[in-house]
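Written out below as structure tokens is the structure these notes cover.
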Amino acid sequence: MAAELSMGQELPTSPLAMEYVNDFDLLKFDVKKEPLGRAERPGRPCTRLQPAGSVSSTPLSTPCSSVPSSPSFSPTEPKTHLEDLYWMASNYQQMNPEALNLTPEDAVEALIGSHPVPQPLQSFDGFRSAHHHHHHHHPHPHHGYPGAGVTHDDLGQHAHPHHHHHHQASPPPSSAASPAQQLPTSHPGPGPHATAAATAAGGNGSVEDRFSDDQLVSMSVRELNRHLRGFTKDEVIRLKQKRRTLKNRGYAQSCRYKRVQQKHHLENEKTQLIQQVEQLKQEVSRLARERDAYKVKCEKLANSGFREAGSTSDSPSSPEFFL
């Protein structure tokens with residue numbers, strides 16, 4: 001259809017022909033490259049030539065009697081509106097005149113690019129949804145198109161492939177709409193990372209209560225890091241700070257306990273030493289008394305021995321006296 005619209009300067013004004021033209025979708029057909037020297041098909045009432053590199057978007061769709069004869073091909077022929085038409089079709093895949101609220105004449109003028117579109121184009125999703133709605137409520141009016149000089153065989157040859165492609169291509173809007181309908185139900189459902197984050201957030205109030213103080217103090221850093229997987233950074237920092245505080249507190253308590261134990265030990269040793277000093281003092285006093293007693297006794301013995309020696313020398317009974 002794009003080739004006939006681009007090469008023909010005049011279009012049929014019949015309402016049935018316009019409705020038949022408008023019902024075609026540009027991208028429902030296979031896109032293929034046609035060679036420069038394409039031979040004409042024998043046995044067809046109408047023949048056409050296309051420029052080299054042109055894109056065939058649709059089979060012959062308009063009646064042969066209502067389309068003027070195609071001009072002869074020349075290499076110096078300026079580019080037609082076919083590229084613009086293909087560009088418009090590729091960007092707005094399903095351009096429907098009813099979706100734009102256009103008349104058939106405006107739709108044809110917009111397709112061939114001779115006049116600007118009266119209304120601003122809507123978004124792609126608007127075209128898609130409107131086209132999907134249109135095909136649900138207006139199913140294939142061109143299949144029963146009876147006339148305008150086209151035989152039933154020619155119409156069947158073009159309508160049936162279009163019918164086949166139309167049924168194959170119509171599910172994508174519904175399939176594309178189904179993920180969009182499933183998005184509100186799929187997004188609230190948490191993914192794996194969101195589940196881990198939700199689990200960590202759910203245990204936010206009991207993160208510090210998950211491990212006892214003894215477990216935090218006795219647990220190694222590697223084991224603690226393995227248990228803290230899945231928690232947020234703030235929770236890990238808070239729990240490690242608590243562990244550090246408990247460790248410092250335990251270290252302080254241990255040092256205080258050691259100091260107290262050492263103090264008790266020193267006090268016990270001091271008491272024992274004091275007792276030993278008292279015992280030694282008592283021993284010294286006892287020895288001093290014994291010394292004094294021995295001294296007095298020694299003095300007494302010395303005095304008594306001197307007297308005995310003096311009395312024996314003065315006695316006349318001694319042998320020296322007689323000599």
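The backbone N, Cα and C atoms fix where each Cβ goes, glycine too.
Per Swiss-Prot, the features are as follows:
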type: CROSSLNK; residues: Lys32; note: SUMO cross-link
type: COMPBIAS; residues: 34-43; note: compositional bias 'Basic and acidic residues'
type: REGION; residues: 34-78; note: region 'Disordered'
type: COMPBIAS; residues: 54-77; note: compositional bias 'Low complexity'
type: REGION; residues: 116-210; note: region 'Disordered'
type: COMPBIAS; residues: 129-143; note: compositional bias 'Basic residues'
type: COMPBIAS; residues: 159-168; note: compositional bias 'Basic residues'
type: COMPBIAS; residues: 192-201; note: compositional bias 'Low complexity'
type: REGION; residues: 238-263; note: region 'Basic motif'
type: DOMAIN; residues: 238-301; note: domain 'bZIP'
type: REGION; residues: 266-287; note: region 'Leucine-zipper'
type: CROSSLNK; residues: Lys297; note: SUMO cross-link
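For Lys297 (SUMO cross-link), the number of other Cβ atoms no farther than 10 Å from its own Cβ, over all displayed protein chains, is 10.
Helix, strand and coil counts from DSSP across the region 'Basic motif' (238-263) read 26 helix, 0 strand, 0 coil. Classification of Lys297 (SUMO cross-link) by DSSP places it within a helix. The average pLDDT computed over the domain 'bZIP' (238-301) stands at 92.
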